[in-house]
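K.L.:
Dropping the structure in here first, questions after.
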Amino acid sequence: MVEKLSSNENPFPPLPGVLSAVTDAAADLNRYPDMATSELIAALAELNGVENDQIVVGNGSTAVLETILKALCQEGDEVVHAWRSFEAYPIAVAVTGATSVPVPLTSEGRHDVDAMLAAVTDRTRAILLCTPNNPTGPVLTQAEVERVLAEAPSDVLVLLDEAYVEFVRDPDVVDAASLLPHHSRLVVLRTFSKAYGLAGLRVGYAVGRARLVGGFRAASTPFGVNALAQVAALESLRHRAELLERVEQLVQERGRLVAALRGQGWDIPDAQGNFVWFDVGDRAGVLARAFAEAGVIVRPFAGEGVRVTVGDRDANDIVIDVAGDFIAGA
Ligand code: PMP
């Protein structure tokens, strides 16, 4: 059996309640979805303790990111982000005609906030912060994000990508809810693809000040969130406690995996998402092939390292076995 641990997906299948809500909604597929996504937006506003006009939804958080950058940037503008980080960032920036300014991570796989602030110019329109950082794993702390908000010029948007926020257990992690009321240029990006296990349906959203969000909504694709995705996301919010129990199980598995790998001698960075990072440099391809030979598909980044998603117990056991053999033979 092939285990797919290459896309940071949730290994749990959809909850029965979510599946039946989607099946019921499929009877009306001849109709357009709710263009305003009102019910979902109201539920997300309640969850995040904000007003409805502070939420914009889209076809996955990648689409929301693209919309935000499209609304914000044009040719000649710059967007600062860490690198290595989520591979969609430079692509989404390039599509707007702006220039992406990648800033190397620290040796621990963390954002280098000093270097990122130093990279800001008068052409910078946005700073993208990925917490926890995909693919390396550590979070941004409250102090780090406060610093960016205090020191970056006031017209620069600060976009906090919290795709994996439900998996975070680091007590120092940034608390976006505490910052949003005080910072008009802070925007937080979230997704239903990871903790909620709806990657196949594509639902993501952003939270920010109503004035900004209004602009992002105007730049969004009409009917950008399909009818089944709206229903599934809403139903998932109703089953949030159950889904968060699953997340807790994955967090426990992550702890077991990281401890086993470190015990083998691997220097695994702090893993706060549903993935672990092997910092193997130019051996990334060789390590990925070793996993593939054992039936596990992982994500190599040539010359940098390998990202492996936390799967179910059996899949993680294979990861531990392969990694142990690899380091013993290295
Ligand atoms: N942000 C980060 C950091 C991610 O890793 C991902 C998914 N790999 C996303 C956003 C996008 O999620 P989606 O488009 O599925 O909502």
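Positions of Cβ are set from backbone N, Cα and C atoms, glycine also.
Pasting the relevant annotations from TrEMBL:
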{"type": "DOMAIN", "residues": "3-321", "note": "domain 'Aminotransferase class I/classII large'"}
{"type": "MOD_RES", "residues": "Lys194", "note": "N6-(pyridoxal phosphate)lysine"}
K.L.:
Quick one: mean pLDDT on the domain 'Aminotransferase class I/classII large' (3-321)?
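P.N.:
The predicted confidence over the domain 'Aminotransferase class I/classII large' (3-321), as a mean pLDDT, is 98.
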K.L.:
Which chain-mates of the residue listed as 'N6-(pyridoxal phosphate)lysine' that are at least 6 residues away have a CB under 8 A from its CB, listed by sequence?
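P.N.:
In sequence order, Asn8, Glu9, Asn10, Ala163, Tyr164, Glu166, Phe167, Gly273, Asn274 meet the Cβ cut-off.
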K.L.:
For the residue listed as 'N6-(pyridoxal phosphate)lysine', which DSSP three-state class applies?
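P.N.:
The residue listed as 'N6-(pyridoxal phosphate)lysine' sits in coil per DSSP, no helix or strand.
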